[in-house]
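Summarising the annotation, Swiss-Prot assigns domain 'PABS' to 2-237 and lists sequence analysis as the type of evidence. Residues or ranges marked as S-methyl-5'-thioadenosine binding site by Swiss-Prot: GLN31, GLU106, ASP137, GLY138, PRO162. What Swiss-Prot records for HIS62, ASP86, ASP155, SER156, THR157, ASP158 is spermidine binding site, and it gives sequence analysis as the kind of evidence. According to Swiss-Prot, the active site, proton acceptor annotation covers ASP155, on the basis of sequence analysis.
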Amino acid sequence: MELWYTEKHTEYVKFSIKVDRELYTEQSKFQRIDILESKEFGKFFTLDGLMMVTEKDEFIYHDMIVHVPMATNPNIKNVLVIGAGDGGTIRELTRYKTIEKIDMVEIDERVVEVCKKYLPKTAGKLEEERVNIVYEDGLKFVRNKENEYDLIIVDSTDPFGPGEGLFTKEFYGNCYKALSEDGILVNQHESPYYEYYAKSMKDAHEKIQGLFKINKVYQAHIPTYPSGHWLFGFASKKYDPIKDLNAEAWNSLGLKTKYYNTDLHVGCFALPTYVIDMLNENKE
């Protein structure tokens, strides 16, 4: 009997991957955790049946959520990551020797433990000495922080279940307060393509836009995420991700990446017309 993983993207669209075997399943206090293995995408990790990470395409997401802000401000020293239980964002951040401290706030300790065991490719740097993992709701954690971080990365699940509070006006306001005077906020911004995800994207952008002087959106193609067309939000008190890109400084680091490069950095902010129109709806 064939086993297939299937994720519903809309009432009329489903996405499927043929599964070789199920490696692990658990119902944690917060959500269902599954690790599956496939020929096409290698091992992959889902929460409540929704795709989080595959070994084959995770590099795209993690390159883009980390290297875009780091190339914009190479002097980032203190970083807060909210979510990111699979460890891929942390892996990319630890490649920067100039970063002094990384606080990672993950609501579900079981996600981290399971990923350490089954996904060492992404979770291999979670025990690095600069990384401090706190098991707490990110919404609560950030309430008590002020002028502490140069970069906040919101590597969250979708805006329901455990990740719901990470898409609220209160949360983004507390992130603003927690950032230093030249701080940067980057978040996964959902997909603009299907109506359900597009609504979440517009809601998040509207809230961030009301707080940060500089607020932009950039994109990447991630094959296993709904529609494949995925957005990220870039918001800052000081740095413009295009005007302030220090390509020479970043390239001099000699970091080998599979997706990100400094030419792509500029190009990824050039959005399709339909996305621009959606974002402009908030201004009308």
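Quick reminder: no glycine exception, Cβ is built from N, Cα and C everywhere.
In this structure, the binding-site residues ASP86, ASP137, ASP155 were compared by how many other Cβ atoms lie within 10 Å of their Cβ, and the smallest count belongs to ASP137. Mean predicted confidence for the domain 'PABS' (2-237): the pLDDT average there is 94.
Here ASP86 (spermidine binding site) is compared against the binding-site residues GLN31, GLU106, ASP137, GLY138, and the shortest C-alpha distance is to GLU106. DSSP assigns HIS62 (spermidine binding site) to a helical segment in the three-state reduction. The two recorded residues, HIS62 (spermidine binding site) and GLU106 (S-methyl-5'-thioadenosine binding site), show a Cα separation of 17 Å. The binding-site residues listed here (GLN31, GLU106, ASP137) include GLU106 as those with a Cα within 10 A of the Cα of SER156 (spermidine binding site).
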